[in-house]
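The next block holds one structure in the form of C-alpha coordinates; read it before the comments.
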Amino acid sequence: MRIELLNTPADALETRFEEQIRPIRMLDFAGQQRLTDNLRVFISAAKMRGDALDHVLLSGPPGLGKTTLAHIIAAEMGSSIKATSGPLLDKAGNLAGLLTGLQKGDVLFIDEIHRMPPAVEEYLYSAMEDFRIDIMLDSGPSARAVQLRIEPFTLVGATTRSGLLTSPLRARFGINSRFDYYSADLLEKIIIRASGILGIGVDQDAAAEIAGRSRGTPRIANRLLRRARDFAQVADAPLITRSIAMTTLDCLEIDEEGLDDMDKKIMDTIVNKFSGGPVGAASLAVSVGEEQDTIEEVYEPYLIQAGYIARTPRGRVATRRALLRFSVQESRGDGPLFEFPLEDDQRQ
(Lines of atoms letter the chains of each structure in order from A; the text may use other names.)
(Lines give C-alpha, C1' and ligand atoms only; values in the text may rest on other atoms or scores of the structure.)
Protein backbone atom coordinates (compact mmCIF):
# COMPACT_ATOMS: atom_id res chain seq x y z
CA MET A 1 0.00 0.00 0.00
CA ARG A 2 1.42 3.37 -1.03
CA ILE A 3 1.31 6.15 1.54
CA GLU A 4 0.90 9.57 -0.06
CA LEU A 5 1.66 11.83 2.85
CA LEU A 6 2.95 14.88 1.03
CA ASN A 7 0.22 15.74 -1.39
CA THR A 8 -3.04 14.66 0.23
CA PRO A 9 -5.55 17.38 1.19
CA ALA A 10 -5.88 18.39 4.82
CA ASP A 11 -8.28 16.07 6.68
CA ALA A 12 -10.43 16.94 9.69
CA LEU A 13 -7.79 15.88 12.23
CA GLU A 14 -5.10 17.85 10.47
CA THR A 15 -7.37 20.86 10.20
CA ARG A 16 -7.88 20.80 13.99
CA PHE A 17 -4.12 20.56 14.46
CA GLU A 18 -3.55 23.49 12.11
CA GLU A 19 -6.05 25.52 14.10
CA GLN A 20 -4.09 24.77 17.28
CA ILE A 21 -0.79 26.01 15.85
CA ARG A 22 -2.23 28.81 13.71
CA PRO A 23 -0.78 32.24 14.54
CA ILE A 24 -3.40 34.89 15.21
CA ARG A 25 -1.39 38.07 14.58
CA MET A 26 0.56 39.28 11.57
CA LEU A 27 3.79 39.56 13.56
CA ASP A 28 3.59 35.85 14.39
CA PHE A 29 3.09 34.81 10.76
CA ALA A 30 6.34 33.27 9.47
CA GLY A 31 7.51 34.03 5.95
CA GLN A 32 5.95 35.92 3.02
CA GLN A 33 7.61 39.05 4.38
CA ARG A 34 6.83 41.49 1.58
CA LEU A 35 3.23 40.29 1.39
CA THR A 36 2.62 40.68 5.12
CA ASP A 37 4.43 44.03 5.29
CA ASN A 38 2.14 45.40 2.59
CA LEU A 39 -0.95 44.00 4.27
CA ARG A 40 0.00 45.64 7.56
CA VAL A 41 0.09 49.01 5.78
CA PHE A 42 -3.24 48.43 4.03
CA ILE A 43 -4.92 47.27 7.24
CA SER A 44 -3.58 50.20 9.28
CA ALA A 45 -4.75 52.70 6.65
CA ALA A 46 -8.22 51.14 6.46
CA LYS A 47 -8.58 51.27 10.26
CA MET A 48 -7.47 54.91 10.33
CA ARG A 49 -10.16 55.78 7.78
CA GLY A 50 -12.77 53.63 9.47
CA ASP A 51 -13.33 51.73 6.23
CA ALA A 52 -13.53 48.06 5.42
CA LEU A 53 -10.30 46.71 3.96
CA ASP A 54 -10.22 46.37 0.18
CA HIS A 55 -11.05 42.90 -1.12
CA VAL A 56 -8.02 40.58 -1.00
CA LEU A 57 -7.07 37.76 -3.37
CA LEU A 58 -4.54 35.25 -1.99
CA SER A 59 -3.07 32.91 -4.58
CA GLY A 60 -0.40 30.24 -4.59
CA PRO A 61 0.18 26.51 -4.10
CA PRO A 62 -1.72 24.69 -1.34
CA GLY A 63 -0.44 24.54 2.22
CA LEU A 64 1.39 27.87 2.33
CA GLY A 65 -0.89 29.67 4.79
CA LYS A 66 -3.64 31.38 2.78
CA THR A 67 -6.38 30.30 5.19
CA THR A 68 -4.27 31.29 8.18
CA LEU A 69 -3.63 34.73 6.73
CA ALA A 70 -7.34 35.24 6.05
CA HIS A 71 -8.06 34.69 9.76
CA ILE A 72 -5.19 37.02 10.69
CA ILE A 73 -6.61 39.76 8.45
CA ALA A 74 -9.92 39.53 10.30
CA ALA A 75 -8.17 39.59 13.68
CA GLU A 76 -6.04 42.60 12.74
CA MET A 77 -9.14 44.45 11.52
CA GLY A 78 -10.97 43.56 14.75
CA SER A 79 -13.68 41.87 12.71
CA SER A 80 -15.50 38.57 12.60
CA ILE A 81 -14.83 36.09 9.81
CA LYS A 82 -17.19 33.76 7.98
CA ALA A 83 -15.47 31.01 6.03
CA THR A 84 -16.74 28.88 3.17
CA SER A 85 -15.42 27.42 -0.08
CA GLY A 86 -16.25 27.76 -3.74
CA PRO A 87 -17.72 24.27 -4.22
CA LEU A 88 -20.13 24.80 -1.30
CA LEU A 89 -21.60 27.91 -2.90
CA ASP A 90 -23.52 25.95 -5.50
CA LYS A 91 -26.61 28.16 -5.28
CA ALA A 92 -27.01 31.92 -5.30
CA GLY A 93 -29.17 31.65 -2.19
CA ASN A 94 -26.27 30.21 -0.21
CA LEU A 95 -24.11 33.20 -1.06
CA ALA A 96 -26.94 35.67 -0.42
CA GLY A 97 -27.48 34.20 3.04
CA LEU A 98 -23.82 34.71 3.92
CA LEU A 99 -23.69 38.25 2.55
CA THR A 100 -26.84 39.46 4.30
CA GLY A 101 -25.57 38.09 7.61
CA LEU A 102 -22.35 40.13 7.56
CA GLN A 103 -21.82 43.05 9.91
CA LYS A 104 -19.89 46.19 8.96
CA GLY A 105 -16.22 45.41 8.40
CA ASP A 106 -16.64 41.63 8.60
CA VAL A 107 -14.47 39.32 6.49
CA LEU A 108 -15.99 36.73 4.15
CA PHE A 109 -13.38 34.10 3.30
CA ILE A 110 -13.97 31.92 0.24
CA ASP A 111 -11.42 29.16 -0.21
CA GLU A 112 -11.02 27.65 -3.68
CA ILE A 113 -12.82 30.65 -5.07
CA HIS A 114 -11.96 29.56 -8.62
CA ARG A 115 -14.38 26.64 -8.21
CA MET A 116 -17.41 28.83 -7.61
CA PRO A 117 -20.14 28.37 -10.28
CA PRO A 118 -20.34 31.30 -12.76
CA ALA A 119 -24.01 31.94 -11.97
CA VAL A 120 -23.17 32.37 -8.28
CA GLU A 121 -20.05 34.39 -9.00
CA GLU A 122 -22.08 37.05 -10.78
CA TYR A 123 -23.88 37.85 -7.51
CA LEU A 124 -20.53 38.84 -6.06
CA TYR A 125 -19.91 41.61 -8.57
CA SER A 126 -22.44 44.10 -7.20
CA ALA A 127 -21.77 42.95 -3.64
CA MET A 128 -18.06 43.69 -3.96
CA GLU A 129 -18.44 47.01 -5.77
CA ASP A 130 -21.67 48.55 -4.46
CA PHE A 131 -22.43 46.46 -1.34
CA ARG A 132 -25.79 45.35 -2.67
CA ILE A 133 -27.27 42.21 -4.16
CA ASP A 134 -30.21 41.74 -6.48
CA ILE A 135 -32.49 38.84 -5.60
CA MET A 136 -35.02 37.45 -8.06
CA LEU A 137 -38.41 36.62 -6.53
CA ASP A 138 -40.85 34.26 -8.21
CA SER A 139 -40.40 33.18 -11.80
CA GLY A 140 -42.00 33.62 -15.18
CA PRO A 141 -44.20 36.69 -15.85
CA SER A 142 -44.44 37.51 -12.14
CA ALA A 143 -40.68 37.51 -11.57
CA ARG A 144 -39.26 40.67 -10.05
CA ALA A 145 -35.88 41.77 -8.72
CA VAL A 146 -35.45 43.02 -5.17
CA GLN A 147 -32.34 44.97 -4.25
CA LEU A 148 -30.86 44.29 -0.82
CA ARG A 149 -28.24 46.49 0.77
CA ILE A 150 -25.45 44.75 2.65
CA GLU A 151 -22.91 46.12 5.10
CA PRO A 152 -19.45 47.07 3.77
CA PHE A 153 -17.29 43.96 4.07
CA THR A 154 -13.99 42.50 2.95
CA LEU A 155 -13.95 39.48 0.67
CA VAL A 156 -10.81 37.38 1.01
CA GLY A 157 -10.55 34.82 -1.77
CA ALA A 158 -7.98 32.03 -1.83
CA THR A 159 -7.04 30.10 -4.94
CA THR A 160 -4.41 27.66 -6.10
CA ARG A 161 -5.23 28.46 -9.73
CA SER A 162 -5.65 32.19 -10.22
CA GLY A 163 -5.67 31.69 -13.99
CA LEU A 164 -9.10 30.08 -13.72
CA LEU A 165 -10.65 33.21 -12.20
CA THR A 166 -12.75 35.23 -14.61
CA SER A 167 -11.45 38.68 -15.51
CA PRO A 168 -14.48 40.50 -14.01
CA LEU A 169 -13.97 38.79 -10.65
CA ARG A 170 -10.20 39.24 -10.59
CA ALA A 171 -10.54 42.93 -11.41
CA ARG A 172 -12.69 43.53 -8.33
CA PHE A 173 -9.94 42.59 -5.89
CA GLY A 174 -8.09 45.69 -4.75
CA ILE A 175 -5.26 43.69 -3.16
CA ASN A 176 -3.69 40.79 -5.04
CA SER A 177 -1.08 38.81 -3.09
CA ARG A 178 0.78 35.70 -4.22
CA PHE A 179 2.40 33.22 -1.84
CA ASP A 180 5.87 31.80 -2.50
CA TYR A 181 7.39 28.58 -1.22
CA TYR A 182 9.19 28.83 2.13
CA SER A 183 12.91 28.54 2.73
CA ALA A 184 14.25 25.59 4.71
CA ASP A 185 15.34 27.97 7.50
CA LEU A 186 11.82 29.31 7.94
CA LEU A 187 10.33 25.82 7.88
CA GLU A 188 12.79 24.79 10.56
CA LYS A 189 11.49 27.55 12.84
CA ILE A 190 7.90 26.53 12.10
CA ILE A 191 8.70 22.91 12.98
CA ILE A 192 10.35 23.84 16.28
CA ARG A 193 7.37 26.04 17.23
CA ALA A 194 4.85 23.32 16.31
CA SER A 195 6.77 20.67 18.25
CA GLY A 196 6.31 22.70 21.41
CA ILE A 197 2.55 22.76 20.82
CA LEU A 198 2.59 19.00 20.19
CA GLY A 199 4.36 18.51 23.51
CA ILE A 200 7.47 16.77 22.17
CA GLY A 201 10.95 18.16 21.70
CA VAL A 202 12.84 18.16 18.42
CA ASP A 203 16.55 18.82 18.09
CA GLN A 204 17.97 21.27 15.56
CA ASP A 205 19.35 18.62 13.22
CA ALA A 206 16.04 16.75 13.13
CA ALA A 207 14.11 19.94 12.41
CA ALA A 208 16.56 20.80 9.64
CA GLU A 209 16.20 17.33 8.08
CA ILE A 210 12.40 17.51 8.10
CA ALA A 211 12.42 21.08 6.78
CA GLY A 212 14.70 20.14 3.90
CA ARG A 213 12.24 17.50 2.69
CA SER A 214 9.04 19.51 3.14
CA ARG A 215 8.89 20.96 -0.39
CA GLY A 216 8.90 24.51 0.93
CA THR A 217 5.42 23.96 2.40
CA PRO A 218 4.49 24.45 6.09
CA ARG A 219 1.54 22.04 5.91
CA ILE A 220 3.84 19.26 4.72
CA ALA A 221 6.42 20.14 7.38
CA ASN A 222 3.77 19.80 10.08
CA ARG A 223 2.57 16.48 8.66
CA LEU A 224 6.08 15.07 8.68
CA LEU A 225 6.62 16.35 12.22
CA ARG A 226 3.51 14.51 13.39
CA ARG A 227 4.70 11.27 11.78
CA ALA A 228 8.14 11.71 13.36
CA ARG A 229 6.39 12.16 16.70
CA ASP A 230 4.68 8.79 16.14
CA PHE A 231 8.02 7.07 15.55
CA ALA A 232 9.52 8.78 18.60
CA GLN A 233 6.64 7.73 20.86
CA VAL A 234 6.76 4.11 19.69
CA ALA A 235 10.51 4.13 20.35
CA ASP A 236 9.83 5.65 23.80
CA ALA A 237 12.12 8.56 22.90
CA PRO A 238 11.55 11.87 24.70
CA LEU A 239 12.97 13.81 21.76
CA ILE A 240 12.80 13.66 17.97
CA THR A 241 16.43 13.23 17.02
CA ARG A 242 17.95 13.33 13.55
CA SER A 243 18.09 9.53 13.60
CA ILE A 244 14.35 9.30 14.28
CA ALA A 245 13.62 11.93 11.64
CA MET A 246 15.70 10.02 9.07
CA THR A 247 13.93 6.76 9.93
CA THR A 248 10.56 8.45 9.54
CA LEU A 249 11.41 9.98 6.18
CA ASP A 250 12.97 6.77 4.86
CA CYS A 251 9.92 4.72 5.88
CA LEU A 252 7.67 7.23 4.12
CA GLU A 253 9.92 7.04 1.03
CA ILE A 254 10.49 10.78 0.92
CA ASP A 255 13.86 11.59 -0.61
CA GLU A 256 16.31 14.41 0.06
CA GLU A 257 14.44 16.81 -2.24
CA GLY A 258 11.02 16.04 -0.80
CA LEU A 259 9.86 13.92 -3.74
CA ASP A 260 7.46 11.11 -2.90
CA ASP A 261 6.38 8.03 -4.82
CA MET A 262 3.91 9.86 -7.08
CA ASP A 263 6.38 12.62 -7.92
CA LYS A 264 8.87 10.00 -9.04
CA LYS A 265 6.19 8.15 -10.99
CA ILE A 266 5.28 11.34 -12.84
CA MET A 267 8.91 12.05 -13.68
CA ASP A 268 9.61 8.46 -14.72
CA THR A 269 6.57 8.60 -17.02
CA ILE A 270 7.62 11.84 -18.71
CA VAL A 271 11.28 10.89 -19.03
CA ASN A 272 11.10 7.21 -19.92
CA LYS A 273 7.63 6.56 -21.35
CA PHE A 274 7.32 9.80 -23.31
CA SER A 275 11.04 10.26 -24.08
CA GLY A 276 11.25 13.49 -22.12
CA GLY A 277 8.07 15.00 -23.58
CA PRO A 278 6.23 16.99 -24.60
CA VAL A 279 3.23 15.23 -23.07
CA GLY A 280 -0.20 16.69 -22.39
CA ALA A 281 -1.66 16.84 -18.91
CA ALA A 282 -4.53 14.51 -19.82
CA SER A 283 -2.19 11.83 -21.21
CA LEU A 284 0.09 12.16 -18.21
CA ALA A 285 -2.83 11.80 -15.78
CA VAL A 286 -4.01 8.61 -17.49
CA SER A 287 -0.49 7.17 -17.52
CA VAL A 288 0.07 7.64 -13.79
CA GLY A 289 -3.51 6.90 -12.72
CA GLU A 290 -4.21 10.29 -11.16
CA GLU A 291 -6.78 13.02 -11.82
CA GLN A 292 -5.63 15.75 -14.21
CA ASP A 293 -6.62 18.52 -11.78
CA THR A 294 -4.57 16.87 -9.05
CA ILE A 295 -1.54 16.68 -11.34
CA GLU A 296 -1.86 20.36 -12.27
CA GLU A 297 -2.73 21.75 -8.83
CA VAL A 298 -0.80 19.55 -6.42
CA TYR A 299 2.19 17.83 -8.01
CA GLU A 300 3.20 19.96 -10.95
CA PRO A 301 3.87 23.32 -9.21
CA TYR A 302 6.64 21.90 -7.03
CA LEU A 303 8.18 19.85 -9.85
CA ILE A 304 8.36 23.04 -11.91
CA GLN A 305 9.76 24.98 -8.95
CA ALA A 306 12.37 22.27 -8.37
CA GLY A 307 13.47 22.45 -12.00
CA TYR A 308 12.31 19.03 -13.18
CA ILE A 309 9.48 20.03 -15.51
CA ALA A 310 8.95 22.88 -17.97
CA ARG A 311 5.54 23.71 -19.39
CA THR A 312 5.27 24.46 -23.12
CA PRO A 313 2.32 25.07 -25.48
CA ARG A 314 2.56 21.43 -26.59
CA GLY A 315 2.77 19.93 -23.13
CA ARG A 316 5.16 19.12 -20.30
CA VAL A 317 8.82 18.44 -21.02
CA ALA A 318 11.54 17.12 -18.75
CA THR A 319 14.49 19.41 -18.09
CA ARG A 320 18.09 18.25 -18.34
CA ARG A 321 18.17 18.00 -14.58
CA ALA A 322 15.26 15.56 -14.74
CA LEU A 323 16.91 13.52 -17.48
CA LEU A 324 20.13 13.22 -15.51
CA ARG A 325 18.26 11.92 -12.48
CA PHE A 326 15.42 9.83 -13.92
CA SER A 327 16.52 8.61 -17.35
CA VAL A 328 17.22 4.87 -17.53
CA GLN A 329 19.43 5.50 -20.59
CA GLU A 330 22.32 7.91 -20.48
CA SER A 331 21.81 8.76 -24.15
CA ARG A 332 18.42 10.28 -23.35
CA GLY A 333 20.17 13.48 -22.31
CA ASP A 334 21.03 14.25 -25.95
CA GLY A 335 17.46 14.84 -27.15
CA PRO A 336 15.94 18.27 -27.85
CA LEU A 337 14.31 19.55 -24.69
CA PHE A 338 13.16 23.10 -25.36
CA GLU A 339 12.06 23.28 -28.97
CA PHE A 340 8.91 25.10 -27.94
CA PRO A 341 8.53 28.54 -26.34
CA LEU A 342 7.80 28.50 -22.64
CA GLU A 343 4.45 29.66 -21.34
CA ASP A 344 4.28 33.04 -19.63
CA ASP A 345 4.25 31.56 -16.13
CA GLN A 346 7.55 29.77 -16.86
CA ARG A 347 9.34 33.03 -17.65
CA GLN A 348 8.67 34.45 -14.21
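Including glycine, each Cβ sits where the backbone N, Cα and C put it.
Residues or ranges marked as region 'Large ATPase domain (RuvB-L)' by Swiss-Prot on the basis of sequence analysis: 1-182.
The annotation ATP binding site is assigned in Swiss-Prot to Ile21, Arg22, Gly63, Lys66, Thr67, Thr68, Glu129, Asp130, Phe131, Arg172, Tyr182, Arg219 on the grounds of sequence analysis. Around Phe131 (ATP binding site), the C-beta neighbours below 8 angstroms that are at least 6 residues distant in the chain are Arg149, Ile150, Glu151, Pro152, Phe153.
The 10 Å shell around the Cβ of Thr67 (ATP binding site) contains 23 further Cβ atoms across the protein chains shown. Residues or ranges marked as Mg(2+) binding site in Swiss-Prot (evidence: sequence analysis): Thr67.
If you look up Swiss-Prot, you'll see 183-253 marked as region 'Small ATPAse domain (RuvB-S)', on the strength of sequence analysis. Confidence for the region 'Small ATPAse domain (RuvB-S)' (183-253), expressed as mean pLDDT, is 91.
If you look up Swiss-Prot, you'll see 256-348 marked as region 'Head domain (RuvB-H)'.
Under the three-state DSSP scheme, Arg311 (DNA binding site) falls in the strand class. A simple way to gauge crowding: the CB of Arg311 (DNA binding site) has 20 other CB atoms within 10 angstroms, across all the protein chains here. Residues or ranges marked as DNA binding site in Swiss-Prot (evidence: sequence analysis): Arg311, Arg316.
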Can you grab the distance from Glu129 (ATP binding site) over to Arg311 (DNA binding site)? Cα atoms, rounded to a whole Å.
36
Using DSSP, would you call Arg316 (DNA binding site) helix, strand or coil?
strand
Arg311 (DNA binding site) versus Ile21 (ATP binding site) - Cα distance in angstrom:
36
Listed ATP-binding residues Ile21, Arg22, Gly63, Lys66, Thr67, Thr68, Glu129, Asp130, Phe131, Arg172, Tyr182, Arg219 - what's their greatest C-alpha to C-alpha distance in Å?
37
Count the residues of the region 'Small ATPAse domain (RuvB-S)' (183-253) that DSSP assigns to helix (H, G, I), to strand (E, B) and to coil, and report the three numbers in that order.
51 helix, 4 strand, 16 coil
Please classify the secondary structure at Phe131 (ATP binding site) using three-state DSSP.
coil
